[in-house]
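K.L.:
I'd like to ask some things about the structure below.
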Ligand SMILES: Cc1cc2nc3c(=O)[nH]c(=O)nc-3n(C[C@H](O)[C@H](O)[C@H](O)COP(=O)(O)OP(=O)(O)OC[C@H]3O[C@@H](n4cnc5c(N)ncnc54)[C@H](O)[C@@H]3O)c2cc1C
């Protein structure tokens, strides 16, 4: 019987998994996860969340009579060794699209094929492969709306059922997940974060089912209110591939067919993620360089001072901004509206380079995604394609009046000055490093940059930049 190694990466699921279906169709399957440089380089929260995902995924495989073999080292060497050890004649995986992954996977594919094994990559992380969506002139899209119009009526294949997995005749040795200590960089924050996290495919499907039944209809109206649980919560499941984007697409389509008002808007948001990958694939500098290269000359302020530290710590003195940054520290996620506001405050009021914030998000988010994060930051800063114009400076005060009118989001996350602080606000002080020296009895600070003063400084900096 043929044996296929299934190299799992960001696709920790059994259903709607084209590579797994293909592998199961040709014989026995040997599931493997490799701790290589791409894992070593993850931010603290993302790495911890990966560990949680792997723990649940390994148990899901055991429940169907399979196993997850864990190995550490450069992917090519590990896979070549496993092919030799197990006698596998093929290695399959789901494609990734960031430049490092593409480079690694290309080398792995060549080496395996040179060694006589079959090596194939499959779709699954996206609904539309980045090269399958083209403008009429034959190039990539740079603006979201035409991208959406180009894909919205496309036929998308149905999701695939979980295949039956045949075990290899002998299981190779595996590392122990605990020995990888993926939560080590979290220090004491891991316990707090764990209370807000339900990893795994089953949890993802249950959450999506609940959202389809109770949240989809009102999604468009309520999705901007950060105190409400009005969005799907799918981002971290998509990040680790615990659910497929295609499952979200079809959930939305079924909602549209049954007249759910918010369903099309939900599908549009799912397509924003596709657009981010499209941009990253065609212009990889999206990740760490200004997409609009003229922004290389913008005069950002020095980011080393105490102001950035206060932004990171959620101590800017601007309640909506601080609430959002604390939400991220405690839960590993941040509401989309709040992401835009904290990013705007950092890049505009504080005039700090978007990459400083992008890196902090990469360290703190459990749904960290290279493409969506970089696109989001560049969109807010004004340096990205299809970006918000620079002169659009979010005012956290008026945003709070509009989207947190009764202050419940801010009270949920800010303890200082409250006679009876909420449990979630207090949990922030349990999560942060002791070295920050913060307590709920601290005096809530004055704004690090005043709202109108910051807005004027941002506009002036932009005028100077434009004139140069
Ligand atoms: C500065 C900034 C940084 C961001 N960083 C990330 C990140 O690291 N990882 C990440 O997944 N998203 C990121 N986003 C996008 C967005 O904030 C999150 O996807 C969203 O908050 C996740 O919540 P949800 O799953 O409940 O979303 P829903 O509103 O339920 O949307 C459904 C899905 O659509 C996709 N989506 C929605 N909005 C966006 C968007 N603006 N861009 C791309 N995809 C979107 C996501 O996959 C999401 O899970 C960022 C946005 C900004 C402004």
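The chain as shown is numbered from 1 upward.
Just so you know, glycine gets a Cβ as well, placed from its N, Cα and C.
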K.L.:
Among 219, 281, which residue does TrEMBL name as a further FAD binder in the site formed by 231, 232, 233, 234, 235, 266, 367, 368, 369?
P.N.:
219
K.L.:
Summarise the domain 'Photolyase/cryptochrome alpha/beta' (2-127) by DSSP state, stating how many residues are helix, strand and coil.
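P.N.:
So the domain 'Photolyase/cryptochrome alpha/beta' (2-127) is made up of 60 helix, 30 strand, 36 coil.
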K.L.:
Which recorded positions out of 234, 354, 377 lie by ligand 1, going by a Cβ under 6 Å?
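P.N.:
The recorded positions passing the 6 Å Cβ test are 234, 377.
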K.L.:
Taking only the binding-site residues 219, 232, 234, 266, 368, which one has a CA atom nearest to the CA atom of residue 300 (site 'Electron transfer via tryptophanyl radical')?
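P.N.:
Going through 219, 232, 234, 266, 368 one by one, the Cα closest to that of residue 300 (site 'Electron transfer via tryptophanyl radical') is 368.
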K.L.:
State the count of C-beta atoms found within 10 angstroms of the C-beta of residue 354 (site 'Electron transfer via tryptophanyl radical'), not counting that atom itself.
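P.N.:
By my count, 24.
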K.L.:
According to DSSP, collapsed to three classes, what secondary structure does residue 219 (FAD binding site) have?
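P.N.:
Note: residue 219 (FAD binding site) is helical by DSSP.
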K.L.:
Just checking a number: largest C-alpha distance across 219, 231, 232, 233, 234, 235, 266, 367, 368, 369 for the FAD site, rounded to a whole Å.
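P.N.:
Max Cα-Cα spread across the FAD binders: 22 Å.
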